[in-house]
Amino acid sequence: MFMSVVNFCGQLSNTQQFDQIRINIASPDQVRSWSFGEVTKPETINYRTFKPEKDGLFCARIFGPVKDYECLCGKYKRMKNRGITCEKCGVEVTVSRVRRERMGHIELAAPVAHIWFLKSLPSRISTLLDMTMRDIEKILYFENYVVVDPGLSILQKGELLTEEELQKAKDKYGEDAFTASIGAEVIQQMLKELDFSKLKQELYEELQTTSSEVKKKKLVKRLKLVEDFLESENKPEWMIMDVLPVIPPEIRPLVMLDGGRFATSDLNELYRRVINRNNRLKKLIESKAPDIIVRNEKRMLQEAVDALFDNGRRGRAAKNANKRPFKSLSDMLKGKQGRFRQNLLGKRVDYSGRSVIVVGPELKLHQCGLPKKMALELFKPFIYSKLELYGIATTIKAAKKMVEAEKSEVWDVLEEVIREHPVLLNRAPTLHRLGIQAFEPLLIEGKAIQLHPLVCTAFNADFDGDQMAVHIPLSIEAQLEARVFMMSTNNILSPANGRPIIVPDKDIVLGLYYLTLAFDNEVGAGMMFSDLAEMEHALYNKFITIHTKIKYRRNQLNAEGKMVPVIIDTTYGRLMVGELLPSNPNIEFKFINKQLTKKDISLVIDLVYRHCGQKATVIFADQLMKLGFKYACSSGISFGMDDMVVPESKSTHINETQLEIQEFEQQYSNGLITYGEKYNKVVDAWSRCTDRVANDMMKEIATPPVNDDPNHQRINAIYMMAISGARGSFQQIKQLGGMRGLMTKSNGQIIQTPIISNFKEGLTEFECFNSANGMRKGQIDTALKTASSGYLTRKLVDVAQDCIITEKDCGTDKGIEVKSVIEGGEVIVPLAEKILGRTAAIDIFHPVTNDLILNKGELISEAKLEQIESAGLDRIMIKSVLTCESTTGICSICYGRDLATGTLVSEGEAIGVIAAQSIGEPGTQLTMRTFHIGGAATKGAEVSSVDASYDAKVKIISRNVVINSEERKIVMSRNCELLLLDNNGNEKARHKIPYGARLLVDDGDMVIKTQKLAEWDPYTIPIITEKSGKVLFKDMVEGITIRDVTDEATGIPSKVIIESKQYSRGAELRPRIQLLGAKGEVITLSNGLEARYYLPVGAVLSVEDGVQISVGDIIARIPKESTTTKDITGGLPRVAELVEARRPKDHAVIAEIDGRVEFGKDYKSKRRIIIHPIDETMSIEYMVPKGKHVVVNEGDFVKKGDLLIDGNPVLQDILKVMGVEVLANYIVKEVQAVYRLQGVKIDDKHIEVIIRQMLQKVEVTDSGGTTLLAGEKIDRHEFDEINAKAMKNGLKPAEAQLILQGITKASLQTRSFISAASFQETTRVLTEAAIAGKVDKLRGLKENVIVGRLVPAGTGYFMDKMRKAAIKLDEENV
C-alpha cells in the first residue's frame, strides 16, 4: 500500500499510460523488491563534509547520487560515465532525480503491527481475530500473554493471561502442556493460521441461525472483512510488518540554513528512532539479554514505528525539543495542509501575478487593462522567442539582457505578443466558475489591473482595495479554451439561474433611471419630432430638456420584418436608450419607454440575448454602461440631511399604538390573556406601527414638494437610489427617516419596546444600548457564516463532482410532476419559471382543442411556455436528473437546458460541480438566523385571517363544519383547505384553514377580491365541541393533573393542566372532559366514538365542571409559544440540515398509513398514539413525549404522510412513507424557501442533482441467491449489476430499499477511494481501500486532478472518449 501511495504522489513520466489505480497491502517481499538497499545506520549527513553517510538515511549508494552524473567520491563525472557504478564508493552514476524515486528498507529485528490496521476504527486485526482491540493491544504492547494452543490444559484458545497467571498455569499443567506467547509475533502467527474459506462458511452458517440483531451486525462486519481479504488476495499476516519501507530522501529533505544549522523533515527524526531501537534490539538478541529487557525494547520499537506511521494515534505523541509533535506519514496526507489538498488538488502555478484592481470604464467587455511591467514579466519567454525570431537579439541570453534593460524594441514586441492572447483573471474567493474569466489584455501605465465594471457582479469585486490574480494560458489549446469557454463575453448568463449576470449596477442604474425620468411641466412639453438630429438641435438650444414629454415618429420592425413608422409619447432621454436597442420585432420600444429600474434593464438585456444573440447583447450592454456613466455624472445626484423625510403622521401612529398596548396590558391585568399572548400582541402592534410609518414616509418621499424654481431638485435622491435598485433598500430608508422599529436580542427574541427614533433624529442612550445587542450578533454571525458557508460548498462539490453529462438520452419514461408554488394564497413561483429549460416526460396536449403542444423529450423554450400558459395547464410531467437511468453520469435530455448558454446541455458538462457552486455561492449571503437587518427585527404580524386575492369561486376540501350558537361556521377538520378557482376551474390560490377557524364563505360561493374568507385566533389552538351537552371533568385532580395558576401580575386564577405525577397505586390519570346527554349518558359523536376530549399538558380550561355548553363552543385553549422560543432554523444551517439529512430538532412524526387515530395507554413520560387502518390490518403505534404538541384528536381520520406532531418531518421518514418524488419535492421546496427569503434565485435542477447524489445507495433487505448480505449498503448500479448476473444464472435476485445519505457520508462512500481520501478521514478511507484491494476507475474529476490527468469533463471528456475508442480499434486490429 505504501509504495502505491508514494508512486501515486510522485511525478509520472509520460510513458506510463494507465486507466485505473489499485491499492493493496504491501507484502514484505514487495517492500524488499522496491528497495535499493537496507538502511542500517541512523546517521544522515556528515556535518563537516556535508556528504551523506554510508548506509545512513541519505546514503548515496542506496538512493542515488547527490549531483547529476557524479559519484560521491568524485571518481566518475559527466554524462559519458552514465550507468557505471563506482567501485570505490558504490554509487551509480545517473541523474540526481532518482533520489526522489528510489526507496530503501529496514529489516526489523522483531515483527511490528501496522497502526492503521490496529487502531483505525473498526480495528481490522481485532475484527478478524474476533478479539477486542484492548486485548490485542495488551498482547502487542507486552502486557498479557495469549494462549495459542491449549494442549492438555483446560485453558481456552485466545485466552489472555498475565505474568502471574501464566506462571500458575505452568506450575499446574507443566511447562510444555500448552503454548502461550506474547508480542506481534503471536498475532502474526494467529493471522497466518486463519483459513478464510472455512471461516467464511462458518460465519455464513452462524448468520443464518442467529436471531440477535447485535450479533448479526457483528457477524456481517466480520464476514464483509473476510470476503474483502478473499477477493483482494491480501494476506492477513501482512498487517504485521517484518520489513519497513524507507521513503526517498528528497521527499524528506535535510536543508542547510544560513547559520550552518540544519532544518530537517520530521520523518528523518522518526526514522532515526526506529533505526536506533531496531539496532539496539538486534544487539540485545545477539547478546542473549534477559527476556524482560528484550521485550521492553520490542515494545519501544513498536511505539517508534507507530509514531512514524501515525504519531499521536496511540498513547502520547512523540514530540521534538520545542514540545511540538512530529509530523508523521499519515499527517503528511491528512487535512488542508496534507499532500492531497495542499499539493495535488491545489497547486501554485507559474506565469501568474497579482495586483490591486481599479475600474476601467472605457474598456470593452472582453478587455482588461494589464500593467506594462506585469505583462513584460509574464510574457518573457514569448518575448525572447520573438526577439530572436526577428533577429533583434542573437541569443536568448542577449534577449534576456534587452528585456532587463527595457529597450524600446521590447515594448513593440510585447504589444505584438499580447495581441489576441487571452489572460485569465481570478478573484479569490472563487465561489463559482465565473470567479475566473478570460480577457484580452490592453497594456496600460501604472501598476493596477483595470477591470470592466460589468463583470464586477460575477467576480463579486469592488474597488476598495481588492486584488486579483492574472494567469497566462500557454499552449495553443489552452488559449483556445480560454477564448471559447472563458471569455467574459461568453459568460453573459449565470449558470445558477440562467438570467443575465452582465447587468448594469450602482451608478449605471442611477444614470439610466435619471435619463429616463419624465416630468410634466418641462420646457417644450408636447412638441413633435421626426428625427433625432432635430431633437439634439432643440436640446442644444434649450427648447426641450432630456425629461420633456414629447411625441416622436419612430420606425419599427413589425412581425413580417418590415419597417413601419409609429408615433410614440416619450422623452429624449428614453430615445437615447432606444437608439441602442438592436432592431428586432420582438424587442419593442415599450420595454424601455418607462423609468428604467435595475429589474427593467435586466429584463431588456435578457430579451436582447434571447432574440438577437450574444454579440448584440455584448455591444448593447457596453453602450448602455457608457450612457449610464455619462448621465450619472452629469445628473449631479447627491443627498443631504433634508432628503431624509420624517413623516408628520409618525407621532399619531405612535400614540395610537401606545394606547393599543395599554389596552393589552389591561387585558393581561384582568387575566383575559396570558403573558405569551400579550407579548405576541405587543410585538404585532409595533410591527404594524413601524410599517405604517414607513409607508407614510415612502409616500412623502415619492411625491416631491411643488416648487416652480427650475433649478430645484424635483425628485428625492435617496428615493431615486432605492427605487432604481442602484443602492440601499427601503428597509434602510425606513431606519433613516421612519422609525427603527423592533430590535432582537442576541438569542433571537424580540424586545418588546421598539426604537421609536430614526437615525435622522438620533437615538436616545437607552435606544442605542438596546440596538447594540442585535447589531453585534449580526456582526459575529457574518464572521462565523463565511467559514461554514465555505465548508458547505466544499462538501457539495465533493459529493457531486463525478456528476457529468455522459450521453444524449438514457431513454427513460420516468419523470416528475411539477406545479406552481402557492403559499398563503399567492403564486410565489409560477409554473412557467419551474419548467423553463426542462424537457417534457410525456406528450403534452391542449386540454380543450387536444392539439399537441409538446413532444416527449422536447425542450420547453420561451415560445412553448406561452402555448402552455394560454392552454391553462397547471401541472406538467417533466424529466429530471432524479429519474435519469444513465449508469455513469446523467443524460442531456433529463437535465435539460444548460442555463449558461440557453441551449440543450452538451455532453461532458460537469453539471455536478455547477450545481454545487450554484447552491454554495450565495451561501455567504444567507443569514445564520432568519431575523436580522442590522439587528432590526423583521417579523410580519401573525396571520389571523384569509382574504381573497382574486375574484373567484370558492372550493373547500375536507369540509367538516359545525354551526355554533352565534350562527357562525366553525371548521372542525384538521386538513381543511380553501381553494380559489378561475372561470376554467384552474386553481389560482390555496389556503390552509386551521382547526377552530370561523368560515365566512361556503363551498361554491363566488367571492370578490379582498373579501375576507375566514378568521381565527393566531395565538391559541382551541378544543371545540361538535355536540351540545353537559361538561363532566374526568381525572382532574387538583395539584396532580390540574392546577389553579394565578398570574403574578394580575392575581387572576385560571385552571391549567399539568404533568401528572404517579398516583394511587400506579393508575395513570388522563385528564379529559366528557359530554353528557340529558339522561347523564356519554354522548356519541358523528364518527361513532364517545365525546371525550383529552387535554394535553399546558391546556387552559375555558369551561367549569357541570355547565351546559352548545355546539362549536371552546372547551379549552392550548396557548402557542411566543414567537421565537420555537426557534426556526433558518438560513444556512437549515440548508446544511437538509443536505446532510440530519434529524431536525423537535421533529414531526408522520402517519405511515391511512386510518383513525386513537390515544392508547400512556407510558411513563410518553403518550401513545395508535392508528387503526380501515381494512383492520396491523395497526401502528407511536410513542411521543408528553410535552409535544399533538395536532390530531382521538377519532380523527389521517392520511398517509399527515403530521401527527408539529415540526419539520424527518427526511428518512418521508422517503420511507411517501417515496422519492415527494421527498425530492420537499427538499427542493425547503431549500428554495431559504434562498427565496434572501432574494436569491437558483434553478431547481441544481438541487435535484445534489438529491440524486444523496440517493446513490440501497440497503439490502433480502439477499436472495446473491453473495450480498442483508443490511449491507451498496451502490444502486452495482446492486442492479449483481442482480442481473444472478438472474442470468437462474438465481433469485436480491431485494433492497433506497436509503438517503447526508452529503458528507455520500462523499466518503463514493466509488473512488482517491476522491474519498482527499475529502475527509484519509487514513480510514485508505485502510479500508487497501484491505479490499479497491480499484479506482478514475471516473470523477477529483481523482483525475490528483493523478495529474485531464479531467473527464468538457474537452477532456472528448479526449478521453477518443483515446478509449482508439485503444479499442487497436485491440481489434491486433
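We number each residue from 1, going along the chain as drawn.
Placed from the backbone N, Cα and C atoms, the Cβ positions cover glycine too.
Zn(2+) 2 is bound by C810, C891, C894 in Swiss-Prot, and the record lists one more residue there from C803, C884, which is C884. Note: the Cα of C86 (Zn(2+) 1 binding site) and the Cα of D464 (Mg(2+) binding site) are spaced 64 Å from each other. Each residue contributes its Cα atom, and for C884 (Zn(2+) 2 binding site) and D464 (Mg(2+) binding site) those atoms are 47 Å apart. Around the Cβ of C73 (Zn(2+) 1 binding site), the number of neighbouring Cβ atoms within 10 Å comes to 14.
The closest partner of C810 (Zn(2+) 2 binding site) among the binding-site residues, by CA position, is D462; the full candidate set was C71, C73, C89, D462, D464. The two recorded residues C71 (Zn(2+) 1 binding site) and D466 (Mg(2+) binding site) have their Cα atoms spaced 52 Å from each other.
Between the alpha carbons (Cα) of C73 (Zn(2+) 1 binding site) and D466 (Mg(2+) binding site) lies a span of roughly 55 Å. Take the binding-site residues C71, C86, C89, C891, C894: by the count of other Cβ atoms within 10 Å of each Cβ, the lowest one is C89.
Around D466 (Mg(2+) binding site), taking its Cβ as the centre, 17 other Cβ atoms fall within 10 Å, counting all chains. Other Cβ atoms within 10 Å of the Cβ of D464 (Mg(2+) binding site), summed over all protein chains shown, number 5.
The DSSP secondary structure for C894 (Zn(2+) 2 binding site) is helix. Long-range Cβ proximity for D462 (Mg(2+) binding site), meaning a same-chain Cβ under 8 A and a gap of 6 or more residues, is found for C456. The Zn(2+) 1 site is defined by C71, C73, C86, C89, and by the 8 Å test on Cβ atoms against their centroid, the other residues of the chain that qualify are A60, L72, G74, K75, Y76, K88, G90, V91.
The least crowded of the binding-site residues C810, C884, judged by other CB atoms within 10 A of its own CB, is C810. Same-chain neighbours of the Zn(2+) 2 site beyond C810, C884, C891, C894, judged by a C-beta within 8 angstroms of the site's C-beta center, are, in sequence order, E807, D809, T812, K879, V881, T883, E885, S886, I890, S892, I893, Y895.
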